[in-house]
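Asks: If you scroll down you'll find the structure; I have some questions about it.
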């Protein structure tokens, strides 16, 4: 296991997914290009066709109209004026003959990469290059036949085809729109399994392996909050970690963590000798007043059992709905102070006290919302932000470094390594993704939330999503009219706040 193996899990998984998906896409395009090129008459033009064009042509039915944008660069003759007219005329004739409906057409001399235009020089007998942009509706056979006819008369230099729709509305990929859709976001990643990885502390321990499999099967059953009876050995592992970490709280953890941890102790949720019940911690986070009268609820986060480390995309998507996918197995007793993977101790001691903090809850959900419909590259960026803040982040309080990340808060070894500055410290000035194994430091949790908002403003996406807590669903915002429901909710909430302020003002005036 690498020195940074545990903290690299989510980030490296996102990177692996991106590279794997890119490879699969390249292989798919290569296969489809070969299948289409089996027709010798089209082989010449398909050689110049871009990858997106190949996929559009391959996936289209024979007689099914498609709306496409075509960028075609071709080489013509030497007499510029005559050749440009002839070239344009050829396009119009061929498009009409093949039943292609033109929505828009532009022609201009082809622009080279350095920005200069190629023009004809009759004395030097140079050829002129033209470029056309056409927005049209046609079948794939009509497009191929037309382009072939043009290729017979002109030298095709470049041929790019893109999907086009009325209003240039980009197709949005599938992502969960309602909390129930998270049932489809369960792709577990096999990492450091005790059955196969000699570096795992539980490798070769048949009893431990069998117990993990049993707990993972419970998580897969679909029962959201199972009641689990943990063994005396598992409770003992919990006790060893709990007592060791608690002794470090005042020196090494942020104030918010200490306050929430103490509150959960008062509620009877966290105690040194027994592993807490998942259902009770879940109720506490969900703003349901339980156990002690007078203590308010928290942030509305829900715990959902999972059988291991999820893919980065699925894990982040869950956060958008304030759902935290939690493991329910316990680390191996032989290595209580460090685990190469998330386990129940990491979730309960590390994450849950911080998910009770409104700013961390908001920060985590915002990352989740940004992940919905994001590209693989963006998922990798967001996983990096999450990993070096919510998992391994530090902040400055009273001139000292304090841990806010769950990976630090749940591991004695990680906590001591970070807070004694055995690694480099990088200040969280902005979210920079050209990173090395640094520990990032924010001025405060609020500072991290503020910087995430700035990052979100520059996030390249053709839509925005907002969360409706009443329906536990997300709304896709693409146009001003899409804001109507959200604005109505905001007006209602603002009205309630205004009434509350007025009532309080009257009470103060009476006194």
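Heads up, the Cβ atoms here are built off N, Cα and C, so glycines get one too.
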Asks: Which one of 377, 380, 391 goes with 346, 351 at the Fe cation site, as TrEMBL has it?
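Replies: The record-listed residue among the candidates is 391.
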Asks: Which chain neighbours of the Fe cation site, leaving out 346, 351, 391, have a Cβ atom within 8 Å of the mean position of the site's Cβ atoms?
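Replies: Here the nearby residues are 342, 347, 350, 390, 405, 406, 407, 409, 410.
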Asks: Could you find out if DSSP has residue 351 (Fe cation binding site) as helix, strand or coil?
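Replies: Residue 351 (Fe cation binding site) sits in a helix per DSSP.
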Asks: If you draw a 10 Å sphere on the Cβ of residue 346 (Fe cation binding site), how many other Cβ atoms land inside?
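Replies: Residue 346 (Fe cation binding site): 23 neighbouring Cβ atoms within 10 Å.
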